[in-house]
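**Student:** One structure is given below, represented as structure tokens, and several questions about it will come after.
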Amino acid sequence: MRTYRYFLLLFWVGQPYPTFSTPLSKRTSGFPAKKRTLELSGNSKNELSRSKRSWMWNQFFLLEEYTGSDYQYVGKLHSDQDRGDGSLKYILSGDGAGDLFIINENTGDIQATKRLDREEKPVYILRAQAINRKTGRPVEPESEFIIKIHDINDNEPIFTKEVYTATVPEMSDVGTFVVQVTATDADDPTYGNSAKVVYSILQGQPYFSVESETGIIKTALLNMDRENREQYQVVIQAKDMGGQMGGLSGTTTVNITLTDVNDNPPRFPQSTYQFKTPESSPPGTPIGRIKASDADVGENAEIEYSITEGEGLDMFDVITDQETQEGIITVKKLLDFEKKKVYTLKVEASNPHVEPRFLYLGPFKDSATVRIMVEDVDEPPVFSKLAYILQIREDAQINTTIGSVTAQDPDAARNPVKYSVDRHTDMDRIFNIDSGNGSIFTSKLLDRETLLWHNITVIATEINNPKQSSRVPLYIKVLDVNDNPPEFAEFYETFVCEKAKADQLIQTLRAIDKDDPYSGHQFSFSLAPEAASGSNFTIQDNKDNTAGIFTRKNGYNRHEMSTYLLPVVISDNDYPVQSSTGTVTVRVCACDHQGNMQSCHAEALVHPTGLSTGALIAILLCIVTLLVTVVLFAALRRQRKKEPLIISKEDIRDNIVSYNDEGGGEEDTQAFDIGTLRNPEAIEDSKLRRDIVPEALFLPRRTPAARDNTDVRDFINQRLKENDTDPTAPPYDSLATYAYEGAGSVADSLSSLESVTTDGDQDYDYLSDWGPRFKKLADMYGGVDSDKDS
């Protein structure tokens with residue numbers, strides 16, 4: 001290939017270079033108005049006329065990928081102002097000037113210093129100018145020219161993908177489109193055949209072919225079967241130079257997969273299947289599974305199962321398991337071994353998705369025979385009915401037979417059966433059953449008005465196998481008997497005005513009856529015989545199970561008779577006739593002109609409920625006595641004397657003890673002001689304490705005396721409680737108020753002891769100067785240092 005490139009280069013250089021002339025762009029600003037032209041001569045595909053110009057150019061085409069050891073000559077720059085004395089300097093600027101292209105500033109020769117690649121940059125635009133060396137001014141306007149890079153076939157075709165993936169349905173016709181591959185060539189498509197790509201297949205025949213110009217891959221073999229071979233690898237070559245010898249080429253791989261079509265019917269691996277199931281299997285119980293195989297995949301391998309014919313067409317069913325594609329045989333109806341022991345079915349497997357163009361391959365279904373054998377099971381007794389409904393009159397006597405139930409063993413053995421009542425459904429044991437024949441009879445009296453329906457359960461059990469039992473519901477309806485008399489629907493109490501007129505309606509009566517006669521209720525109303533004669537009221541039956549009470553005379557006097565009690569007889573028309581007597585209370589009241597009641601007799605409206613006058617007086621006296629007792633107790637409690645705090649004949653202020661062995665001064669014997677202890681209000685402001693070390697003499701603060709009625713004991717108890725609950729209380733030092741000893745005291749304050757410091761830090765020699773009272777204390781603390789020294 002390198003030899004070929006050299007050949008092209010030599011061929012190009014050896015060609016005669018025709019000359020042409022063309023005007024180039026000129027920049028005239030800054031120059032005298034003198035018309036100048038440039039003359040360029042060099043390589044060109046067309047021969048042009050030559051004319052004299054200010055510039056002469058020998059070459060403007062370069063071959064790419066030049067591999068010579070010397071710089072590649074581009075052309076020569078010359079100005080007609082150049083006299084050959086070196087007074088002019090040639091300058092080159094533009095694309096690649098000084099790097100890719102250099103110019104001899106004396107001769108104007110231009111050379112390429114590096115190997116150029118047309119695919120990187122096909123055209124370079126440069127500018128040339130001649131400058132006077134002495135003045136540094138241009139002698140010609142700057143002119144622009146172009147260097148074009150000629151293409152050579154140095155790039156092979158490259159596919160857009162290294163590996164292609166494609167699919168095509170199996171059994172496709174010849175020429176079915178599969179995929180299109182594309183390769184690109186970086187060479188110049190406008191120059192020669194360097195970029196003209198031709199496709200060919202290197203691997204994959206005779207199954208596939210490729211169009212040389214488009215790169216479209218098509219099927220080349222008829223009826224390719226996925227079940228025989230699914231994957232194909234095809235290698236495609238793209239070659240430039242129109243596929244001629246010496247062209248560059250590239251390859252790509254195309255992985256082609258045949259997709260499935262439904263071209264295979266399902267097939268049972270065997271023609272006959274046999275299963276067993278007990279006769280006690282409930283509907284929906286699976287018996288067995290059958291499976292047909294299909295060489296296809298996906299939805300083309302889906303199978304539907306159905307029972308097409310056979311003795312058990314109505315007794316069994318088949319459903320399809322969508323995950324395993326199996327047919328599940330299930331029980332459709334209850335089986336009976338005693339009736340039929342063996343069933344034969346024909347099960348068919350078919351594809352739900354069939355392509356019509358493959359029907360010529362045959363029917364896409366298969367069938368198999370399934371034999372089902374029913375196994376005998378010891379079954380519980382079976383009642384002749386699913387439920388029983390019986391009736392009985394509510395006046396039936398005990399042990400009256402209502403009806404019977406029947407059950408028998410369905411097995412061939414015909415085991416005997418006994419009957420019983422489930423007592424959970426008959427807690428009151430109202431009914432009983434004959435265990436031998438199933439007769440139902442009463443064991444207690446019935447009442448329809450208490451319970452109309454009795455729902456009980458009867459159990460039938462095999463005598464030889466008590467585990468085998470069955471149940472049946474029994475509904476017993478109690479028939480009505482006219483055994484309840486009618487009665488008022490409510491308690492009737494009404495009134496009549498004193499000025500009422502005769503035949504005036506004062507009350508409408510209604511009745512109810514607990515019985516439920518077949519023809520409905522029909523009540524009749526009348527006054528009791530003892531009240532029918534001489535009554536001040538009459539009753540009128542409305543023939544609609546209601547009646548009205550009317551006045552018989554004009555005017556009533558409530559002072560003579562305030563209340564009338566009317567006995568009313570209510571009867572039904574059923575058999576036997578039942579009747580009852582109800583009382584209607586009629587009160588005589590004063591009414592206004594519109595007939596509205598205003599007032600009745602006190603006994604008629606208000607019952608004397610409450611306490612008598614004597615009882616009220618007694619209760620009032622008890623309350624007064626209790627109040628007096630409470631008042632006296634409170635007064636005595638307030639006047640009770642308080643115990644003294646200190647029982648002493650001495651003055652409470654004499655709390656400074658006088659010693660006879662040492663005369664005290666006036667300040668020692670003078671009683672101090674006790675107001676400090678008896679003024680809690682003054683001390684209340686200084687409850688918060690701060691622990692400090694006293695640094696100066698404590699000056700006692702005089703507090704005015706407290707009020708005489710201040711209880712000192714209560715104050716001391718209060719202070720004691722506060723100190724007990726105060727977390728800042730001693731043993732550590734704090735400012736406190738002590739009894740004032742006078743200004744002449746040797747120990748200014750107890751705080752001067754500074755008990756917070758350690759014994760080693762104290763000098764107790766001054767205790768011996770305090771006098772005989774502190775002699776013992778001075779001996780105790782004064783010997784500490786001597787003990788340590790010893």
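The backbone N, Cα and C atoms fix where each Cβ goes, and this holds for glycine too.
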**Student:** Would you mind telling me which one of Asn536, Asn723 Swiss-Prot calls N-linked glycosylation site?
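**Tutor:** Record says Asn536.
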**Student:** Whole-number Å distance between the CA of Asn399 (N-linked glycosylation site) and the CA of Asn536 (N-linked glycosylation site)?
**Tutor:** 54
**Student:** Excluding near sequence neighbours, so keeping only residues 6 or more apart in the same chain, what lies with its CB under 8 A of Asn255 (N-linked glycosylation site)?
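**Tutor:** Result: Val163, Tyr164, Thr165, Ala166, Gln231, Tyr232, Gln233, Val234.
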**Student:** I need the most crowded of these glycosylation sites: Asn399, Asn437, Asn455, Asn536. Count other C-beta atoms within 10 angstroms of each C-beta and give me the top one.
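**Tutor:** Neighbour-count leader: Asn536.
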**Student:** Quick one: mean pLDDT on the domain 'Cadherin 4' (384-486)?
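**Tutor:** Across the domain 'Cadherin 4' (384-486), the average pLDDT comes out at 93.
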**Student:** Helix, strand or coil at Asn255 (N-linked glycosylation site), per DSSP?
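**Tutor:** Looking at the DSSP assignment, Asn255 (N-linked glycosylation site) belongs to a strand.
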**Student:** Using DSSP, how many residues of the domain 'Cadherin 4' (384-486) fall into helix, strand and coil, respectively?
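**Tutor:** The composition, in the requested order, is 0 helix, 45 strand, 58 coil.
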